[in-house]
Amino acid sequence: MPLLAYREKHILSAQQLRKLSEHKYSCTSTSLLDPLLQPWWNWLVAQTPLWLAPNLITIVGLIVNVVTTLILICYSPNGVDAPPRWTCLLCALGLFIYQSLDSIDGKQARRTNTSSPLGELFDHGCDSISTVFVAVSACISCQLGHYPNWLFFQCFCAIALFYCAHWQTYVSGTMRFGRIDVTEAQFSIIAIHLVSAVLGPEIWLTKLPYFNCETRFLPIYVACGVDFILTLRYAKCILTEGCGKNGSSVAGTSVLSPSIPLTLVVLPALMIAQKSPQNIFTEHASVYIMAFGMVAAKVTNKLVIAHMTKSEMDYLDWSLLGPSLLFLNQYFNCIVPEIWLLWFTLIWGTQDLLRYCSQVCLEICQHLRIDLFRIPYTPKGVASHPATASVSSQSNFGGSADKNGGTAHRKSKSKPH
């Protein structure tokens with residue numbers, strides 16, 4: 001494949017589609033909260049109509065999460081102004097809905113016998129987008145815009161660690177979750193939003209007794225500790241647990257090769273933010289993070305596809321056009337207002353991500369002969385034709401991967417069913 005995939009009629013080659021069909025999800029988890037939440041998830045999926053496609057459940061949850069976060073951003077785009085309490089409550093509710101729906105899509109896939117590899121891919125894709133908005137919302141709720149460097153660090157740490165989770169999967173072939181991982185992080189952020197909603201966002205500006213620091217630094221320091229532990233865990237896995245020949249990745253490539261796309265996103269983001277004569281990050285923090293977050297989501301999706309198809313990952317991508325223009329504009333002393341290029345980066349990156357994901361889903365749908373958001377439905381009392389039943393048994397994309405060895409496919413945060 002060429003470096004820029006859109007020059008081809010198809011993004012995925014015939015060999016990649018074949019390997020995707022053969023892909024089996026592998027995951028281990030020791031999460032603390034997952035077992036406690038199983039009764040809630042089991043009850044919720046039991047209320048879900050059998051005709052509701054698992055992928056539709058996932059995308060509805062993502063839309064709710066994105067919309068509630070955008071409402072919060074509208075009231076505090078730079079993370080400095082205190083948002084209304086109800087917007088924080090709305091964000092907590094939106095994230096809870098997303099987390100719950102994201103946890104039952106795999107159960108729904110097994111109920112309807114509609115699991116497929118695309119379920120895992122679709123779920124990872126939604127998570128890559130959600131990660132950006134969840135990180136931004138948490139920082140705004142704490143009014144972290146008063147400390148732009150901390151705001152940048154926390155948001156890009158979340159984006160980079162999500163990428164690294166899939167990097168270690170690309171290397172080892174197994175998605176691994178520790179005792180404190182995605183579910184715990186999501187509920188911690190829900191708690192932050194609830195504190196802001198009940199006590200007011202101003203609570204984060206008060207001084208902690210005996211510590212001589214603002215309350216908002218408490219979740220920051222905790223997050224830094226968790227980030228450090230996760231970084232060490234991912235680094236150990238990447239450097240020592242390659243499952244390919246001679247310790248290489250699943251595709252037989254260097255275990256360090258995925259560092260290139262990540263560097264091409266994070267390093268320009270840092271340089272542009274620090275060197276901006278117009279303080280583009282400080283003044284437009286939310287737009288900045290969303291713009292680079294869409295670029296990061298694109299390269300993360302390409303990494304997931306590389307893992308599932310056991311193929312080499314492309315390093316360059318059209319989504320890097322926006323960051324490149326911002327960088328060049330600074331080099332030539334900002335001949336174009338930076339905010340114009342920042343909005344271009346956001347719009348271009350978003351459409352490029354959506355276009356890419358749509359094309360990939362279409363190609364996989366055609367290859368597996370399935371529908372993305374629909375389950376073939378047979379009324380009660382009407383027997384299915386054998387051929388139809390055979391296709392129907394393959395026809396989901398929102399399936400979940402069972403941590404205990406099930407065959408359903410889902411996202412990076414699979415639940416042990």
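Note: Cβ is positioned from N, Cα and C throughout, glycine not excepted.
As the structure is a computational prediction, the values presented were derived from the model and not from experiment.
As recorded in TrEMBL, the features of this protein are as follows:
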- 56-78: transmembrane segment (TRANSMEM)
- 84-101: transmembrane segment (TRANSMEM)
- 150-170: transmembrane segment (TRANSMEM)
- 185-205: transmembrane segment (TRANSMEM)
- 217-235: transmembrane segment (TRANSMEM)
- 255-273: transmembrane segment (TRANSMEM)
- 285-308: transmembrane segment (TRANSMEM)
- 328-349: transmembrane segment (TRANSMEM)
- 386-417: region 'Disordered' (REGION)
- 387-398: compositional bias 'Polar residues' (COMPBIAS)
- 408-417: compositional bias 'Basic residues' (COMPBIAS)
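Comparing 56-78, 84-101, 150-170 for CB pairs under 8 angstroms to the transmembrane segment (185-205), the maximum falls on 84-101. Most Cβ pairs under 8 Å with the transmembrane segment (150-170) belong to 285-308, among the candidate stretches 56-78, 84-101, 217-235, 285-308, 328-349.
Long-range contacts of the transmembrane segment (217-235) within the same chain: residues 138, 142, 144, 150, 154, 157, 161, 164-165, 167-168, 176, 178, 180-181, 185, 188, 192, 208, each at least 6 residues beyond the stretch ends and with a Cβ under 8 Å from a Cβ of the stretch.
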